[in-house]
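Colleague: Not my notes, these are from TrEMBL:
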- 1-20: region 'Disordered' (REGION)
- 32-53: transmembrane segment (TRANSMEM)
- 32-389: domain 'Amino acid permease/ SLC12A' (DOMAIN)
- 59-81: transmembrane segment (TRANSMEM)
- 102-123: transmembrane segment (TRANSMEM)
- 129-151: transmembrane segment (TRANSMEM)
- 163-186: transmembrane segment (TRANSMEM)
- 192-215: transmembrane segment (TRANSMEM)
- 236-259: transmembrane segment (TRANSMEM)
- 285-306: transmembrane segment (TRANSMEM)
- 337-369: transmembrane segment (TRANSMEM)
- 389-422: transmembrane segment (TRANSMEM)
Amino acid sequence: MTQSDPGRPGSAGAGSPQGTADLRRTLGVGDAVVIGLGSMIGAGIFAALGPAARAAGSGLLLALGVAAVVAYCNATASARLAARYPASGGTYVYGRERLGEFWGYLAGWSFVVGKTSSCAAMALTVGTYVWPGQAHAVAVGAVVALTAVNYGGVQKSAWLTRAIVAVVLAVLASVVVVCLTSGGSAAERLDVGVSGGAGGVLQAAGLLFFAFAGYARIATLGEEVRDPARTIPRAIPLALGIALVVYAAVAVAVVSVLGTEGLGQATAPLADAVRAAGAPGLVPVVRVGAAVAALGSLLALILGVSRTTLAMARDRHLPGGLAAVHPRFRVPHRAELAVGVVVAVLAATVDVRGAIGFSSFGVLVYYAIANASAWTLGSAVMSRVVPAVGLVGCVTLAFALPWVSVAVGAGVLGSGAVAYGVRRRLGSR
């Protein structure tokens with residue numbers, strides 16, 4: 001499928017009907033990398049590190065390595081698929097083209113539902129750090145504000161995301177330097193063991209993989225990057241590599257001060273680490289950085305979910321009205337407003353733990369389909385090794401998550417599959 005193929009469902013070629021015009025191509029490699037980093041760094045450092053430490057214990061760094069391997073496989077699969085199919089929609093498009101319509105639908109459903117839950121989690125993280133007593137109200141306000149930014153055009157979103165990432169990286173660098181140079185840092189705390197058991201390590205890897213998953217937003221921007229066949233394959237591994245270095249540095253620094261047990265018990269791990277390192281004056285800065293990081297994640301998540309919603313609406317898997325593109329701003333304005341409304345409702349009613357656990361399951365299913373799609377691209381043994389490892393890794397980590405997350409996630413995705421079957425049967429009559 002190419003951009004100029006108006007006959008394919010979901011394409012954005014010149015033959016697109018009125019109201020579903022082409023999106024504006026404004027993003028380069030740097031913009032795409034920053035959008036991915038804005039999602040990964042906020043989610044990983046400030047939302048997943050503590051829960052992962054509780055699950056893995058001394059196996060935290062091992063879990064980080066497992067998550068990185070699976071993420072690399074997924075990044076490679078996504079890059080290969082994005083080069084072949086540069087349209088918006090990510091694995092929704094890849095699964096449909098390589099495996100069949102149902103698998104594309106299931107991937108899109110997993111992404112939209114799981115990442116909508118992620119949006120709510122990030123919004124609540126903002127509220128918790130900014131005003132704990134009114135976390136839900138602040139979360140809803142953040143959703144409204146960032147939906148408006150995206151509505152005004154993706155270039156504004158890219159500019160704001162770049163600023164957010166710069167602030168967050170500066171804060172994280174300060175945390176690393178303070179922790180590693182303090183008298184409270186101890187190398188013996190960096191024990192690489194498996195006190196949480198194999199199950200704990202895998203569960204932690206699943207949570208940390210959720211943190212790495214931000215590069216999916218790059219693939220969903222296929223219709224808004226310049227020269228997508230070159231830009232997307234370059235941007236995905238760059239964003240993943242930068243995030244891995246940041247994650248490893250912060251994890252080592254914080255564990256060297258708190259230990260994995262202290263990290264797992266901390267309510268605000270990075271703030272607690274700098275306080276324990278003898279720099280209490282840096283605590284407010286870290287809290288602001290956490291809020292800014294969550295805003296960066298929320299900004300990129302809303303952007304990516306709305307683009308997959310656009311692709312599914314074009315194929316009538318979601319209401320066709322969501323496929324409209326604004327005549328002035330050239331963004332999928334109805335999809336963005338719909339996503340914003342749903343996220344705002346969730347942010348007003350759910351808790352952070354439930355949102356993150358459910359999202360992790362959906363994200364892993366999404367990438368399992370991406371790896372299965374990439375496996376079909378070539379018949380050579382070596383070209384299939386990486387997607388095979390990624391597929392097995394995604395399935396393993398998905399079912400290593402807490403059983404409530406697995407049960408709820410499977411139920412919601414299963415209900416979507418049933419709805420798809422009913423629609424197909426009614427449509428064939």
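Using the three backbone atoms N, Cα and C, a Cβ is placed for every residue, glycine included.
Unlike curated entries, TrEMBL annotations are predicted automatically.
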Colleague: Where else in the chain does the transmembrane segment (163-186) make close Cβ contacts, counting only residues six or more beyond its ends and a cut-off under 8 Å?
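Modeller: Long-range Cβ neighbours of the transmembrane segment (163-186): 34, 37-38, 41-42, 45, 246, 249-250, 252-254, 256-257, 270, 273-274, 276-279, 282, 285-286, 288-289, 292-293, 295-296, 299.
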Colleague: Any residues 6+ beyond the ends of the transmembrane segment (236-259) with a Cβ under 8 Å from its own?
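Modeller: Apart from its flanks, the transmembrane segment (236-259) reaches 29, 32-33, 36-37, 40-41, 44-45, 49, 53, 60-61, 64, 68, 71-72, 75-76, 78-79, 82, 169, 172, 175-176, 179-180, 182, 184-187, 189-190, 208, 211-212, 214-215, 218-219, 266, 269-270, 272-273, 276-277.
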Colleague: Which whole-number mean pLDDT does the model give the domain 'Amino acid permease/ SLC12A' (32-389)?
Modeller: 84
